[in-house]
Amino acid sequence: MKIAVLAGDGIGPEVTSAALCVLDALNLPDIELAQGDVGGLAYHRHGHPLPPETLELARSSDAILFGAVGDPTCDNLARDLRPEQAILGLRSALGLFANLRPAAGWPGLESLSPLRPEIASGIDLLVVRELTGDVYFGDKGERIGENCERVGWDAMAYGEGEVRRIAHVAFRAAGSRRGKVTSVDKANVLETSRIWRETVIEVAREYPEIALDHIYVDNAAMQMVREPSQFDVVLTGNLFGDILSDQASACVGSIGLLASASLGERQTDYGTFGLYEPIHGSAPDIAGQGRANPCAAILSLAMLLRHSLGMEAEAGRIEQAVGQALAKGVRGMDLGGNADTETMTKAVLSELLTIS
Ligand SMILES: NC(=O)c1ccc[n+]([C@@H]2O[C@H](COP(=O)([O-])OP(=O)(O)OC[C@H]3O[C@@H](n4cnc5c(N)ncnc54)[C@H](O)[C@@H]3O)[C@@H](O)[C@H]2O)c1
Ligand SMILES: CC(C)[C@H](C(=O)O)[C@@H](O)C(=O)O
Ligand SMILES: [Mg+2]
């Protein structure tokens, strides 16, 4: 079982090494780790944020453990050379169209959410975000507009096929959860969303046991802080899903807690090929200080073991260990505590030992 480790920039390497400590503690046989350069680090070393050898390494593995990319020293580079293009390039080149971002309240953290504790404790949702389409991957450019001013433009588009395949992922996920899909769009304004909504309704006919409702994205953002317990599976496009998942993380307590899986159609000998990363970025404001919360990366490892390597029991052990550490009051600095990355990681490791 080969895992490509692409730690990237900023806090990416800090939280990825925490996740690797947890992997090490599991003592799993037959796991090969292969490190690759990605993001700003790769640009500085190789002149490109996603060098061909890194893409080849990713393709030749069973799963990818990804940290984060983003480097302020690259801010003035042309778009194709910016670190963020590496993660977009990986998602697109590897066909990772389905991004799963679970957000659930952790017992003991309710009082740390900006929401009232009784509201925060009701959060248990899964954002199913389409990841290889939308305005992210449409044509884009700059033109000269009226008054000779510069105008930037990005085309937003979704084809029925793209919507259909992500809708199937959401309906299947809802089948093993609370049986409800909420599709988030902006169909009152966008043609993209009209096709999105019509296609989701068509796919829903194949899942009569799943309840479907539709909500405009502005209302969804409002409902997520007002009454998040109404959401089970939130099915949405690339841009809306990016924004709503960061918002969901704050409702749970911190972005340092939210993991993700990016999956496609390729199957390996052990499960579904995928890339696993915290939903947060390289956090340049705290990078190099040992302050990052490693939980999102550790929980991303759990998702990797579950989806790509078929190790449900080990994934569950990691999630339980994180839950126990948080329940004992160990808090990262993002949660108002004083546990640095190392302390939080050690707390998870010692809980892991208590779980058979
Ligand atoms: N998938 C990715 O690699 C990814 C995701 C998001 C942002 N980015 C990139 O990261 C860079 C910084 O972006 P940003 O500041 O908008 O978002 P960010 O997620 O990096 O940080 C937002 C805020 O959350 C805090 N934070 C994030 N992760 C944390 C953690 N694990 N523990 C404690 N605090 C944490 C940061 O300190 C910061 O205050 C940009 O270059 C951006 O493009 C990359
Ligand atoms: C870095 C950026 C391209 C990325 C995205 O927008 O998808 C990030 O915000 C994320 O959530 O993974
Ligand atoms: Mg994001």
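Glycine too: its Cβ is placed from the backbone N, Cα and C atoms.
Regional average pLDDT for the domain 'Isopropylmalate dehydrogenase-like' (2-348) in the model is 97. If you look up TrEMBL, you'll see 2-348 marked as domain 'Isopropylmalate dehydrogenase-like'.
Cβ-based neighbour count (10 Å, all protein chains) for Asp218 (substrate binding site) stands at 13. Taken from TrEMBL, the feature substrate binding site covers Arg91, Arg101, Arg129, Asp218.
The annotation site 'Important for catalysis' is assigned in TrEMBL to Tyr136 (among others). Cβ contacts within 10 Å of Tyr136 (site 'Important for catalysis'), excluding its own Cβ and spanning all protein chains shown: 18.
According to DSSP, Lys186 (site 'Important for catalysis') is assigned to coil rather than to any helix or strand. Shown in sequence order, Ser193, Tyr216, Val217, Asp218, Phe240 are the residues of the chain, 6+ apart in sequence, with a C-beta less than 8 angstroms from the C-beta of Lys186 (site 'Important for catalysis'). Per TrEMBL, the feature site 'Important for catalysis' maps to Lys186 (among others).
Annotation source TrEMBL lists Mg(2+) binding site at Asp218, Asp242, Asp246.
Under the DSSP three-state reduction, Ala283 (NAD(+) binding site) is assigned to coil, being neither helix nor strand. Applying an 8 A CB threshold to same-chain residues 6+ apart, the list for Ala283 (NAD(+) binding site) reads Gly10, Ile11, Ala68, Ala292. According to TrEMBL, the NAD(+) binding site annotation covers Gly281, Ser282, Ala283, Pro284, Asp285, Ile286, Ala287, Gly288, Gln289, Gly290, Arg291, Ala292, Asn293.
Checking the recorded positions Arg129, Lys186, Asp246, Asp285, Ala287 against ligand 2, not one has its Cβ under 6 Å from it. Residues Arg91, Arg101, Arg129, Asp218, recorded as contacting substrate, have a largest CA-CA distance of 27 Å.
The CA atom of Asp246 (Mg(2+) binding site) is located 19 Å away from the CA atom of Ala287 (NAD(+) binding site).
Checking the recorded positions Arg129, Tyr136, Asp242, Asp285, Arg291, Asn293 against ligand 3, the ones with a C-beta less than 6 Å from an atom of that molecule are Asp242.
Within 10 Å of the Cβ of Asp285 (NAD(+) binding site) there are 10 other Cβ atoms, across all protein chains.
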